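S.K.: Got a structure for you, written out below as structure tokens; questions coming shortly.
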Amino acid sequence: MKTKCICELCSCGRHHCPHLPTKIYDKTEKPCLLSEYTENYPFYHSYLPRESFKPRREYQKGPIPMEGLTTSRRDFGPHKVAPVKVHQYDQFVPSEENMDLLTTYKKDYNPYPVCRVDPIKPRDSKYPCSDKMECLPTYKADYLPWNQPRREPLRLEHKYQPASVRFDNRTTHQDDYPIKGLVKTISCKPLAMPKLCNIPLEDVTNYKMSYVAHPVEKRFVHEAEKFRPCEIPFESLTTQKQSYRGLMGEPAKSLKPLARPPGLDMPFCNTTEFRDKYQAWPMPRMFSKAPITYVPPEDRMDLLTTVQAHYTCPKGAPAQSCRPALQIKKCGRFEGSSTTKDDYKQWSSMRTEPVKPVPQLDLPTEPLDCLTTTRAHYVPHLPINTKSCKPHWSGPRGNVPVESQTTYTISFTPKEMGRCLASYPEPPGYTFEEVDALGHRIYKPVSQAGSQQSSHLSVDDSENPNQRELEVLA
């Protein structure tokens, strides 16, 4: 006979055996494959589960113990290592002589007496020369102005005169794209058809028919109480003033420092070591020459410069230019020959015409009618009025009460409330057999006579209100 556990005997769904992750009653290494999924969904033998990717323990270590030798220990033997001798320095004994605090600069460079050096200035001439300098620059002596005729310009004469007749030549764009007149387009707008139905639209809705207006109560407005000033006069007293009264004490002393602290009445000594060693030399008085008073001339100004007045142009011929004159050939072709011109003669060349593709489209000469595919092939049709399948309104509904019968009340058949077998300490009709390795309590069905006795016992147990139920927590 088939045995059952608490999970299989329960009919209310509140009793089940604890699903433990490991077997607490069986000491085996087999994994526990029991779960809620495996209980509800049976295993199909036609489908095999995939193998585990966990590596297998195929490696078996040898019984010989491993030697504690490495390549470094085997090839390199130990040598005697002596400790490093540390040099012992002599103990420092401070000298009893005093330090002279002299530097190398003071030892090598002895001081010498310092005297002032007179400034190096050019000697002043007490007797200035009043003669005027008569000299002629080299440029004016060598290059004298002369009268030379003006050269004729080498540019060509401007002989072009635009024609007075209008330019009648046409362009390629004007030949290919002639001006065409306006194209009359056909309107695709449908004609205004007369309305087939003149019945006005009913604006009656279910809300307007079933809505019943109720009188609205007047809104309650809360009136604020008027402010009443207090009749007791305000004494400007607070809890602080009443509880803590001021006491007479010493006046506060000022912590402001004095404007001039005592002991600083002596003047500040602004002398330094540099000012004591290096005194200022007596400076002689600077010689200043008195300016000469300006005396305006009595003669009339001749408006001549010094060069114009004293340097006149002597008689002489203009200097001849050493630059060769330009040999200009106004007519004839240059017939100079070179090796390149002799070897590579010029040949007659014809202008190549551009390669134009053969036009594959024949452009129409008629103007474009501006018709699209839709306008050319579209055939207008009259609109078809579809028949409405909406049922006609049968008028407002009366206050007919709703039937209290529903599908649930008609088709529902009450059943007797039976007690779950798993709620008993010992389920009736079953005897406890064992607890398996996963903690499931296995029960075995008894014989017919035993089941009748157990049924009597179950009735007696149901009459006892203090009977303890079996509760197995997950």
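Backbone N, Cα and C define each Cβ position, glycine as well.
According to Swiss-Prot, the protein has these features:
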type	residues	note
COMPBIAS	448-457	compositional bias 'Polar residues'
REGION	30-64	region 'Mn 1'
REGION	65-97	region 'Mn 2'
REGION	98-131	region 'Mn 3'
REGION	132-165	region 'Mn 4'
REGION	166-199	region 'Mn 5'
REGION	200-232	region 'Mn 6'
REGION	233-266	region 'Mn 7'
REGION	267-299	region 'Mn 8'
REGION	333-366	region 'Mn 10'
REGION	367-400	region 'Mn 12'
REGION	401-434	region 'Mn 12'
REGION	446-474	region 'Disordered'
S.K.: Mind checking how the region 'Mn 6' (200-232) divides into helix, strand and coil residues in DSSP?
M.R.: 5 helix, 0 strand, 28 coil
S.K.: Just to be sure I understand, if DSSP states are collapsed into helix, strand and coil, how many residues of the region 'Mn 12' (367-400) fall in each?
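M.R.: The region 'Mn 12' (367-400) comes out at 5 helix, 0 strand, 29 coil.
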S.K.: Do any residues of this chain, six or more beyond the ends of the region 'Mn 8' (267-299), have a C-beta under 8 angstroms from a C-beta of it, and if so which?
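M.R.: Non-local partners: 116.
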S.K.: Please list the DSSP helix, strand and coil residue counts for the region 'Mn 10' (333-366).
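M.R.: With helix first, then strand, then coil, the region 'Mn 10' (333-366) has 5 helix, 0 strand, 29 coil.
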S.K.: Treating G and I as helix alongside H, and B as strand alongside E, what does DSSP give for the region 'Mn 5' (166-199) in helix, strand and coil?
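M.R.: Residue counts for the region 'Mn 5' (166-199) by secondary structure: 5 helix, 0 strand, 29 coil.
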S.K.: Summarise the region 'Mn 8' (267-299) by DSSP state, stating how many residues are helix, strand and coil.
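M.R.: Summed by class, the stretch gives 5 helix, 0 strand, 28 coil.
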